[in-house]
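This report refers to the structure that appears directly beneath it.
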Amino acid sequence: MTELLTAAQMRAVEHSAIESGAVTGLELMERAGQGVVDAIFAQWPEFVGSADVERGPAPAPPRYLRPEEGRTRRAVVLCGPGNNGGDGFVVARLLREAGWAVEVFLYGDAEALPPDARVNYERWAEVGAVQRLCFPKPSEDDEEKVSHLLRGATTDVTLCVDALFGTGLTRPLFGLKDFFDACYLAYAANLGDDGPYVVAVDLPSGLCADSGRIIGDDLGLAVGAHLTVTFAFAKHGHVLSSGGVSAARLVTVPLGIDRSLPYRVLHHKRNENGTLYIDHSTTVKMAERQWFEAGYVSDLPWTSKDPREASHKYSHGHALILSGGVGKGGAARMAARGALRIGAGAVTVGCPPSALIENAAQLNAVMLRRVPGADALSEVLTDKRINALCLGPGLGTGAREADLVRAALTAGRGLVLDADALTLLSQDADLFALLHNKCVLTPHGGEFARLFPGIAEKLDAPALTGPAYSKVDAARAAAQQAGCTVLFKGPDTVIADPSGRCSVNAAVYDRSAPWLATAGAGDVLAGFITGLMARGFAPMHAAEVGAWLHVECARAFGPGLIAEDLPEALPGVLRDLEK
Ligand SMILES: NC(=O)C1=CN([C@@H]2O[C@H](COP(=O)(O)OP(=O)(O)OC[C@H]3O[C@@H](n4cnc5c(N)ncnc54)[C@H](O)[C@@H]3O)[C@@H](O)[C@H]2O)[C@@H](O)CC1
Ligand SMILES: Nc1ncnc2c1ncn2[C@@H]1O[C@H](COP(=O)(O)OP(=O)(O)O)[C@@H](O)[C@H]1O
Ligand SMILES: [K+]
């Protein structure tokens, strides 16, 4: 499990480390710069040893070096007015020591640099030149100079280091537009062989560290990077919103302050009596493979080796998925298949009588019941073995369906509400008021906006200052308002419960799976979560594990995926987890 920090939490960790006397700010900056250079050489091993190329007997020229470029690699480092810029001066110095030709630009006022950045500015100035860019408004000449360096086939710059802004960006960037465009073009075109490669120090400049949104939104600018190197912990902004797509890869390098200290700083607060208590709401966890391997695999139902575990199918729970009328049953059937594959002992689809034949023709292991309306549902639910329900996929939004949602909400079972059920909830405040802590809501952006218009308005308002309102803030507020678990979908799926517990299931960087955005994928996810709740998972846990497995299934299958493939990919994913 990875912990994602806000900028303020990262500052608290840093200050606490410095105050404890364990390390100085200058040492941290040196470690940060060294970490960036190490990450660059790890990412592009062909860069290592450029100094040797100049000195030694001729080894085979690296693939990316065109003969006319000569033997020295050229890097451009853009330093900003704060400590991110300070990291940039360290990177420049270390690259130079490794034999690179380095050009440094300062977008800021040298006299106003914070103390550690100032020291590293001076250290660089002893060995190299600093070209000043007018601050805060770069001149046309400045714009032309820096953007030209990166543009087109003529550039001989291999590396562009973006050390303009990190966690301290609070206002939109208006200057250096051409530079930002040039970075983005280099990144988007992914100029594999010739570069220039763009490396962002801590965060692609222009992004808000807490929300991943571009400060200024439509008016704002952000760097696109081949590699982002951040320090100690990933920040919320690395995975949320534009943050997840502004860089191809994210590497977190340790600073030596990330072990015992942050736990104390982050999780323990003092209440009014002065006693320490643990606050789980301050950090957000990011779901990742190691988390599941280390912590969760032993909880997963399929892996239990406990002989005391009962082997009767109903001891593995019974999920009921309600479907819509004739021709509308596909979504519920896919959810049902997902629930069964993920481990529910039994799964039943409940449908109106007119749809029985259609469903019977399509279902085998999944059972089928007539559920004409709310009374019939209440009758079905007298079977106490049915412990988890799913309403919404292909359900419809008429009076029958509203009554079904009401009956389901009053049944007190685990309940996943998706799609049409979310529309019904958004239209009827009385229904919304029936939500309880065994419910999970799984809205995509549009459904979220209908359900939580006030929260969505805050999230959609332009991010003119940092820290901006984030998807994490929005999901937490929604969970509070609804009184249940909310899973807010997207490549940056955020899951929150009313206690403030929150996690992000990010399908970004090397875990990206854009092909998961396919019709019906959400229905399968609703089924996964329902199946896990049938197996006895608490709502938040079911939503976290369901969302994680959903992305793993998409990744295991790969491009070409359609929603029906997701449940079928699950056995392979579970087998891999067991290994
Ligand atoms: N927190 C930590 O533990 C560490 C932080 N380090 C670096 O320090 C960075 C944070 O440093 P800072 O807090 O100085 O923040 P930044 O370096 O990100 O920038 C802050 C400066 O930019 C100005 N600014 C903000 N928005 C602007 C805009 N739109 N136009 C012009 N100026 C603007 C601010 O007034 C401030 O002077 C991190 O991102 C990281 O790179 C590292 O040195 C190592 C350790
Ligand atoms: N770019 C993306 N990368 C990975 N997953 C995505 C992406 N976009 C959407 N998703 C996921 O795909 C699923 C789509 O669900 P949903 O919007 O409900 O579609 P549908 O109603 O067609 O099933 C969600 O789980 C969402 O998190
Ligand atoms: K940066």
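Yeah, the Cβs are placed from backbone N, Cα and C, and that goes for glycine too.
Within Gly466, Gly520, Gly522, Gly527, the residue that TrEMBL lists together with Lys489, Gly490, Pro491, Asp492, Thr493 for binding AMP is Gly522. Cross-referencing Ser20, Ser205, Ser211 with the K(+) binding residues that TrEMBL gives (Asn84, Asp162) picks out Ser205. Same-chain residues at least 6 positions away in sequence with a Cβ under 8 Å from that of Ser205 (K(+) binding site) are, in sequence order, Gly80, Asn84, Asp162, Leu164, Phe165, Gly166, Leu169, Leu173, Phe180, Ala222, Val223. DSSP assigns Thr493 (AMP binding site) to a strand in the three-state reduction. Here the CA atom of Gly86 ((6S)-NADPHX binding site) lies 45 Å from the CA atom of Gly522 (AMP binding site). Taking a Cβ distance under 6 Å to any atom of ligand 3 as the criterion, the binding-site residues Asn84, Gly86, Lys489, Asp492 reduce to Asn84.
Note: Gly86 ((6S)-NADPHX binding site) has non-local neighbours Met29, Cys79, Leu113, Pro114, Asp116, Ala117, Arg118, Val119, Asn120, Tyr121, i.e. same-chain residues 6+ apart with C-beta under 8 A of its own C-beta. The binding-site residues considered are Gly490, Pro491, Gly522; of these, Gly490 has the fewest other C-beta atoms within 10 angstroms of its C-beta. Checking the binding-site residues Thr170, Ser205, Asp492, Gly522 against ligand 2, the ones whose Cβ sits under 6 Å from it are Gly522.
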